[in-house]
């Protein structure tokens, strides 16, 4: 709580603020989409997110992750929020999501408040996109303008959730290809991975890393050895033991959105193989340079992160733009 208080004070003095032209002038998204229909939407979401993050700083990372996992499957259309029904197979049980995503009840909480003020107006997709921006700010990250006007999908894709989302043990080339498929560059990828600076990972997702090449990438540093020992105590080598135990991906400032995660990679201490690959992979000439840049320059990281979040948020589901809806309940298609 003391750390959060410091963050709020810092932000009262100076919040890094980045404003960009929306990529693709023909996008049906605008900054004032709700100006006449729900003018308080940004304030309502901000106020509730302040409460949510104050209750548990980890909620910031949970919301950002939900947004990321949503946009990589069918575009940013809130398909990730849909529960399974007899007629719809959702994405929540797909392998990259089932042990990773949480926070659905937080979205429900915000949605209920918005529905009481502006019934049937604000989409769950926009709600999640705005909430991810506010979550970032509330733990020390930058501000950016959020274009809105997304529609909620009436479908989900278990298959795309299984294939489109990067996994913790994936190699660099494969991960880059998944970002390219979404129209995101290597610069976008390295910046967006920076959100791991406030994230946590389960033992099942970093076991192979700490019993694999962790010692090699950290160059047998005595301090790194101590850190590795603590990780192995938390996460036994045998599969199935302690699988759901969690630890911070940034073990220095886990509740602060900063560039510390890149320093972790420079030390060779990245918790996830997919993260460490950006600095130590033989294919990582470009990513290594970008990691070093963001480790040296927080402002450069913040600026690119803001641009990349806008760009990712603009990945749209063309089908939903035509026949999408504004769900009354984010978990279910309207009936």
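Heads up, the Cβ atoms here are built off N, Cα and C, so glycines get one too.
Pulled from TrEMBL:
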type     : residues               : note
ACT_SITE : 69                     : active site, proton acceptor
BINDING  : 70, 73, 75, 77, 79, 91 : Ca(2+) 1 binding site
BINDING  : 166                    : substrate binding site
BINDING  : 196                    : heme b binding site
BINDING  : 197, 250, 253, 258     : Ca(2+) 2 binding site
DISULFID : 38-118                 : disulfide bond
DISULFID : 71-76                  : disulfide bond
DISULFID : 124-330                : disulfide bond
DISULFID : 203-235                : disulfide bond
DOMAIN   : 28-334                 : domain 'Plant heme peroxidase family profile'
SIGNAL   : 1-19                   : signal peptide
SITE     : 65                     : site 'Transition state stabilizer'
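Known features from TrEMBL, placed on the structure.
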residue: 38; record: disulfide bond; contacts (Cβ under 8 Å, 6+ apart): 114, 117, 118, 121, 122
residue: 71; record: disulfide bond; contacts (Cβ under 8 Å, 6+ apart): 182, 312, 313, 315
residue: 73; record: Ca(2+) 1 binding site; contacts (Cβ under 8 Å, 6+ apart): 79, 80, 91, 156, 157, 160, 161, 164, 165
residue: 77; record: Ca(2+) 1 binding site; contacts (Cβ under 8 Å, 6+ apart): 70, 125, 150, 151, 152, 153, 316, 317, 320, 324
residue: 166; record: substrate binding site; contacts (Cβ under 8 Å, 6+ apart): 96, 174, 175, 178, 179, 274
residue: 196; record: heme b binding site; contacts (Cβ under 8 Å, 6+ apart): 249, 250, 261, 272, 275
residue: 197; record: Ca(2+) 2 binding site; contacts (Cβ under 8 Å, 6+ apart): 249, 250, 253, 256, 257, 258, 259, 260, 261
residue: 203; record: disulfide bond; contacts (Cβ under 8 Å, 6+ apart): 234, 235, 236, 242, 243, 244, 245, 246, 247
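Taking the centre of the Cβ atoms of 197, 250, 253, 258 as the Ca(2+) 2 site, the nearby residues of that chain (Cβ within 8 Å, site residues left out) are 198, 252, 254, 256, 257, 259, 260, 261. In this structure the C-alpha atoms belonging to residue 330 (disulfide bond) and residue 76 (disulfide bond) are separated by 13 Å. When the alpha carbons of residue 65 (site 'Transition state stabilizer') and residue 75 (Ca(2+) 1 binding site) are compared, the span between them is 14 angstrom. Apart from 70, 73, 75, 77, 79, 91, the residues listed for Ca(2+) 1, the same chain places the Cβ atoms of 69, 71, 72, 74, 76, 78, 80, 153, 156, 157, 160, 161, 317 within 8 Å of the centroid of those Cβ atoms. Non-local contacts of residue 76 (disulfide bond) by the CB criterion (under 8 A, 6+ apart in sequence, same chain) comprise 67, 70, 125, 128, 129, 150, 312, 313, 314, 315, 316, 317. On the 0 to 100 pLDDT scale, the model's mean across the domain 'Plant heme peroxidase family profile' (28-334) is 96. Counting only residues at least six positions away in the same chain, the Cβ atoms of 315, 316, 317, 318, 320 sit under 8 Å from the Cβ of residue 75 (Ca(2+) 1 binding site). Taking Cβ-Cβ distances under 8 Å and a sequence separation of 6 or more, the neighbours of residue 124 (disulfide bond) in its chain are 78, 81, 107, 111, 152, 326, 327, 330.
Counting only same-chain residues six or more apart in sequence, the Cβ atoms lying under 8 angstroms from the Cβ of the residue listed as 'active site, proton acceptor' belong to 80, 91, 96, 97, 100, 101, 161, 165. Sorted by the number of other CB atoms within 10 A, the binding-site residues 79, 253 start with 253, the lowest. Cβ packing within 10 Å was compared across the disulfide-bonded residues 118, 235, 330, and the lowest neighbour count falls to 118.
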